[in-house]
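Undergrad: Pasting in a structure now, in structure tokens, and then I'll have a few things to ask.
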Amino acid sequence: MKFCPKCGNLMLPDRKRKVWVCRSCGYEEPFDEEKDREKTVIKQEVKHKPDEGIVVIEQDLKTLPTTKITCPKCGNDTAYWWEMQTRAGDEPSTIFYKCTKCGHTWRSYE
């Protein structure tokens, strides 16, 4: 991150013109590809459709907390759990469970 020496606000890179630009006061400073590369991060937003479902990519579930709940598939009484906001912000979050024995995943709307 780079801050404007005039007003102290965050400066953003304009890669086409190869300058740092302050959107508050208009100050510009040359962009040095070698020196400034590690100060910039390209952010890419991934949008999901509501019907796509939730996929757990990280398989190291041993770091997740566990709770006593019966798995509807195998009857095991322990599951990993995590909470996510899957609906509108003014609605309660969704709790997901994954059985420690068979790996079945289900959800609970709180």
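Any Cβ shown, glycine's included, is placed from N, Cα and C.
Okay, so Swiss-Prot annotates it like this:
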| type | residues | note |
| --- | --- | --- |
| ZN_FING | 4-25 | zinc finger |
| BINDING | Cys4, Cys7, Cys22, Cys25 | Zn(2+) 1 binding site |
| ZN_FING | 67-107 | zinc finger |
| BINDING | Cys71, Cys74, Cys99, Cys102 | Zn(2+) 2 binding site |
Undergrad: According to DSSP, which kind of secondary structure is Cys74 (Zn(2+) 2 binding site) found in, if we only use helix, strand and coil?
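TA: Assignment for Cys74 (Zn(2+) 2 binding site) reads coil.
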Undergrad: Check each residue in the chain of Cys74 (Zn(2+) 2 binding site) that is at least six apart in sequence and keep those whose C-beta is under 8 Å from its C-beta; list them in sequence order.
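TA: Cys99, Lys101, Cys102, His104 - these are the non-local Cβ neighbours of Cys74 (Zn(2+) 2 binding site), listed in sequence order.
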Undergrad: Using a 10 Å radius around its CB, how many other CB atoms surround Cys7 (Zn(2+) 1 binding site)?
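TA: Taking every protein chain into account, the count is 12.
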Undergrad: Averaged across the zinc finger (67-107), what pLDDT does the model get? Just tell me the whole number, please.
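TA: Summarising the zinc finger (67-107) by its mean pLDDT gives 88.
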Undergrad: Which residue counts does DSSP give the zinc finger (67-107) for helix, strand and coil?
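TA: Looking at the zinc finger (67-107) with DSSP, the answer is 0 helix, 18 strand, 23 coil.
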Undergrad: Give the distance between the Cα atoms of Cys25 (Zn(2+) 1 binding site) and Cys71 (Zn(2+) 2 binding site), rounded to the nearest whole Å.
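TA: Per the Cα atoms, Cys25 (Zn(2+) 1 binding site) and Cys71 (Zn(2+) 2 binding site) stand 58 Å apart.
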Undergrad: Within 8 Å of the Cβ centroid of the Zn(2+) 2 site residues Cys71, Cys74, Cys99, Cys102, which other residues of the same chain have their Cβ?
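TA: Apart from Cys71, Cys74, Cys99, Cys102, the close residues are Pro72, Lys73, Gly75, Asn76, Ala79, Thr100, Lys101, Gly103, His104.
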Undergrad: Quick one: of Cys22, Cys25, Cys71, Cys99, which of the binding-site residues has the smallest count of other CB atoms within 10 A?
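TA: Taking Cys22, Cys25, Cys71, Cys99 as the binding-site residues, the minimal 10 Å Cβ count falls on Cys25.
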Undergrad: For Cys4 (Zn(2+) 1 binding site), which residues in the same chain are close in space, meaning a Cβ under 8 Å from its Cβ, but six or more apart along the sequence?
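TA: Long-range Cβ contacts: Leu10, Met11, Cys22, Ser24, Cys25, Tyr27.
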Undergrad: For the zinc finger (4-25), give the DSSP counts of helix residues, strand residues and coil residues.
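TA: In the zinc finger (4-25), the DSSP-based counts are 0 helix, 9 strand, 13 coil.
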Undergrad: Within 10 angstroms of the C-beta of Cys102 (Zn(2+) 2 binding site), what count of other C-beta atoms is obtained when all protein chains are considered?
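TA: For Cys102 (Zn(2+) 2 binding site), the count of other Cβ atoms within 10 Å is 13.
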Undergrad: Distance check, please: Cα of Cys71 (Zn(2+) 2 binding site) against Cα of Cys7 (Zn(2+) 1 binding site), rounded to an integer number of angstrom.
TA: 57
Undergrad: To test your reading of the Zn(2+) 1 site: which residues beyond Cys4, Cys7, Cys22, Cys25, same chain only, put their Cβ within 8 Å of the Cβ centroid of those residues?
TA: Pro5, Lys6, Gly8, Asn9, Met11, Arg23, Ser24, Gly26, Tyr27
